[in-house]
Amino acid sequence: MHFPEYRARRTRRTPILRNMVRETRLSVDDLIYPLFCVEGADVCHPIGSMPGVCQLSIDRLVAEAREVWQLGIPAVILFGIPDRKDALGSAGTSDDGIIPRAVRALKQVLPELIVVTDVCMCEYTDHGHCGVVRGQDVLNDPTLELLSRQAVAHARAGVDIVAPSDMMDGRVAAIRRALDTEGFDQIPIMSYAVKYASAFYGPFREAAESAPQFGDRRSYQMDPANRREALREARLDVHENADFLMVKPAMAYLDILRDLREAFDLPLVAYNVSGEFAMLKAAAQRGWIDHDRVMLELLTAMKRAGADLIITYHAKEAAGLLRQDHSGQEP
Ligand code: PBG
């Protein structure tokens, strides 16, 4: 293949040709929309750093989920913000906590919508860490019991998939055992297998009111500099029988998505996190970049890197564009 006998531009001549040779397609089927759930009625409290995203009371959450479902988005992931937080995150393990009630409400109205729940302690603890704290330490093994109870509470409420995001060692196995013991052997675990200690989570911590009150998460989340360690983390979760593997954040970690795609055959999820969303919104508000084109380019890049599914605050916007016509992906 040499110029001038071979000319790469031949297959780029028209939109139809380009469409025919396109290697990666973004589809509404790939998207999972995050929702933040608070106590109360008729609450829609906007999050300053995430334009268009709100903390919603259960009634408003159900209305929002109906819209999401009508757009063709197959799944939502829920984050709960309880009224009262304590050192052991007890609001997170209760059968009538905010998330179990939200799950029951959603499944009643939209039985086919896939409801995923984030399983973690940080939204429920007063110190904001993802586990049990002693002094300055986040204790691994005592946290496993609480995460397992939280996952079982979600399962009893009818959740479709649980997604542990705490980064404690051994939590996939512990949750699997607890779910199976309680008769929930059909509930898959979507593991935040490779989760970095990232500054891109800033806006989420405003949304979930989950910023750590002392220190940071570097003793459990991964160092952004590490690549081989990502493969070790994923391998551990595969051995513990995870059903999905997640990489988080997405944009700055496309190499890690590719590494996992090549090493494992499980469905792979990219989490396009809050800080990525906020950066795009801020630049677009100033008119510095084309919001819709950059959004579709980024989501397509995540799929090209190897993701099967993308958790994204852009899901509704992307679904709208993808539905309009095929030019959604033709920049
Ligand atoms: C909870 C959790 C976090 C996110 C998802 N689950 C925050 C964190 O680890 O601090 C971040 C999501 C986002 O930034 O969009 N552990």
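Any Cβ shown, glycine's included, is placed from N, Cα and C.
Just so you know, TrEMBL annotations are computer predictions that nobody has curated.
Per TrEMBL, the features are:
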- Lys195: active site, schiff-base intermediate with substrate (ACT_SITE)
- Lys248: active site, schiff-base intermediate with substrate (ACT_SITE)
- Cys120, Cys122, Cys130: Zn(2+) binding site (BINDING)
- Arg205, Arg217: 5-aminolevulinate 1 binding site (BINDING)
- Glu233: Mg(2+) binding site (BINDING)
- Ser274, Tyr313: 5-aminolevulinate 2 binding site (BINDING)
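Everything TrEMBL records as a feature, shown here on the structure.
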residue : record                                               : contacts (Cβ under 8 Å, 6+ apart)
Cys120  : Zn(2+) binding site                                  : Cys130, Leu147, Pro164, Ser165, Asp166
Cys122  : Zn(2+) binding site                                  : Gly128, His129, Cys130, Asp166, Ala208, Ser210, Pro212
Lys195  : active site, schiff-base intermediate with substrate : Ser165, Met167, Gln221, Met222, Met246, Lys248
Arg205  : 5-aminolevulinate 1 binding site                     : Gly128, Ala211
Arg217  : 5-aminolevulinate 1 binding site                     : His129, Cys130, Met167, Ala197
Glu233  : Mg(2+) binding site                                  : Ala193, Val194, Met222
Ser274  : 5-aminolevulinate 2 binding site                     : Ser49, Met50, Phe200, Tyr201, Gly202, Pro203, Phe204, Ala207, Tyr313
I'd like the Cβ neighbour count for Tyr313 (5-aminolevulinate 2 binding site), meaning other Cβ atoms within 10 Å of its Cβ, all protein chains included. 26
With the Cβ under 6 Å from ligand 1 as the test, give me the qualifying entries from the recorded positions Cys120, Cys122, Lys195, Lys248, Ser274. Cys120, Cys122, Ser274
Within a 10 Å radius of its Cβ, which of these recorded positions (Cys130, Lys248) has the fewest neighbouring Cβ atoms? Lys248
DSSP three-state assignment for Ser274 (5-aminolevulinate 2 binding site): helix
Sorted by sequence, non-Cys120, Cys122, Cys130 residues with Cβ within 8 Å of centre, Zn(2+): Met121, Glu123, Thr125, His129, Gly131, Ser165, Asp166, Ser210
